[in-house]
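Before any comments, here is the structure.
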Amino acid sequence: MALNLRKNHPLMKIVNDSLIDLPTPSNISAWWNFGSLLGICLITQIVTGLLLAMHYTADTSLAFASVAHTCRNVQFGWLIRNLHANGASFFFICIYLHIGRGLYYGSYLNKETWNVGIILLLTLMATAFVGYVLPWGQMSFWGATVITNLFSAIPYIGQTLVEWAWGGFSVDNPTLTRFFALHFLLPFVIAGLTLVHLTFLHETGSNNPLGIPSDCDKIPFHPYYTIKDILGFALMLSSLVALALFSPNLLGDPENFTPANPLATPPHIKPEWYFLFAYAILRSIPNKLGGVLALAASILVLFLMPLLHTSKQRSMTFRPLSQILFWVLVANLLILTWIGSQPVEQPFIIIGQLASLSYFTIILVLFPIAGVLENKLLKL
């Protein structure tokens, strides 16, 4: 009898065990589609990014013009750029929904998978930040200046660290060059971390909406979930193309159509929408080091989720108190996102401070209390 190549070839069997014969819970919902959507986002960004890099010049005197040249003179250059810029937004939409799913259904109890996922989020944020600097518009330059300057809040070594990162005494040509190098490198780091993420996931298998073991009821990934994923791909890619073709600048900042000028500060310096919640938390503390620590904590607090889980049930499916808190947290993050886009004046300052406080309170205090309370109410 001939050997089945799919199951025996050293490379094909890895693909087979990850995408074809993978035993998968039979009841996972569309919330489990975002992992594969993130994979498609990464592939799209690497392909469009590579095509853009072929026409880009990492030099302060040429960067802005080279991006304009790509849009005007390169075949479909405008489309490639718009897909790449808006693809980043879709990447963040998918990752935030993916993390939200993990929080709701208790997926963070797969500790290794969860921790690698947070490192992936941090790497993605770094990639998006250095990428935003490359067109060398006003918001690129001032965004880079403001965010890199935050490192100067680190006691004793801060200023040295910032000048080392800049490669000089301000954001200038060396900064742009190294940011381009990092922006080219980091997506491949993300791809590598994704494989680690999947390796840990396949050690335990996927969680499911009920939060109970599903070993007794597994189905093969192909064809059931391959076809379901393809539907997700079609919906996401058609949305991305629609955004890139009909309103490519909807999510961008008009300030970035002006070439970078170190002598003129834009009236409102703000990052892209996907960083606004963290930016609002940073601004809500009237102390530089305190703000930087709060900014870091806003993401790093995710590492504590497995430790803060007090419920005897894994998922929130049958936990109404935690569900209410979860959706309050979502609303809270939307408020922070809105506040991050507003000028620093009343009433936005106090709203931002209250939203920042409630963000940490819900995660660190109220979720664990709700878990204990639900155990008592449900007599578990």
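Note: Cβ is positioned from N, Cα and C throughout, glycine not excepted.
These features come from Swiss-Prot:
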- 34-54: transmembrane segment (TRANSMEM)
- 78-99: transmembrane segment (TRANSMEM)
- His84, His183: heme b b562 binding site (BINDING)
- His98, His197: heme b b566 binding site (BINDING)
- 114-134: transmembrane segment (TRANSMEM)
- 179-199: transmembrane segment (TRANSMEM)
- His202: ubiquinone binding site (BINDING)
- 227-247: transmembrane segment (TRANSMEM)
- 289-309: transmembrane segment (TRANSMEM)
- 321-341: transmembrane segment (TRANSMEM)
- 348-368: transmembrane segment (TRANSMEM)
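Following the DSSP three-state reduction, the secondary structure of His197 (heme b b566 binding site) is helix.
If you take the C-beta of His197 (heme b b566 binding site) and look for same-chain residues 6 or more apart in sequence within under 8 angstroms, you find Thr113, Val116, Gly117, Leu120. Of the candidate ranges 179-199, 321-341, 348-368, 179-199 contributes the most Cβ pairs within a distance under 8 Å of the transmembrane segment (114-134). The transmembrane segment (78-99) makes no contact with the transmembrane segment (179-199), as judged by fewer than three Cβ pairs under 8 Å among residues 6 or more apart in sequence. Outside the transmembrane segment (34-54) by six or more residues, the chain places 70, 77, 80-81, 83-84, 87-88, 90-91, 94-95, 97-98, 101, 183-184, 187-188, 190-191, 194, 229, 232-233, 236-237, 240 with a CB less than 8 A from a CB of the stretch. At the 8 Å Cβ threshold, with sequence separation of at least 6, the transmembrane segment (289-309) lacks contact with the transmembrane segment (179-199), having fewer than 3 such pairs. His183 (heme b b562 binding site) falls within a helical segment according to DSSP. With respect to His98 (heme b b566 binding site), the closest of these binding-site residues in Cα terms is His202, chosen from His84, His183, His202. Taking the Cβ of His84 (heme b b562 binding site) as reference, residues of its chain lying under 8 Å away and at least six apart in sequence are, in sequence order, Gln45, Thr48, Gly49, Leu52. Counting in whole angstrom, His183 (heme b b562 binding site) lies 29 from His202 (ubiquinone binding site) by their C-alpha atoms. Residues 280-281, 283-285, 294, 297-298, 301, 304-305, 308-310, 322, 325, 328-329, 332-333, 335-336, 339-340, 342 of the same chain lie 6 or more positions beyond the ends of the transmembrane segment (348-368) yet place their CB under 8 Å from a CB of it. Ranked by how many other Cβ atoms sit within 10 Å of their Cβ, the binding-site residues His183, His202 place His202 at the bottom.
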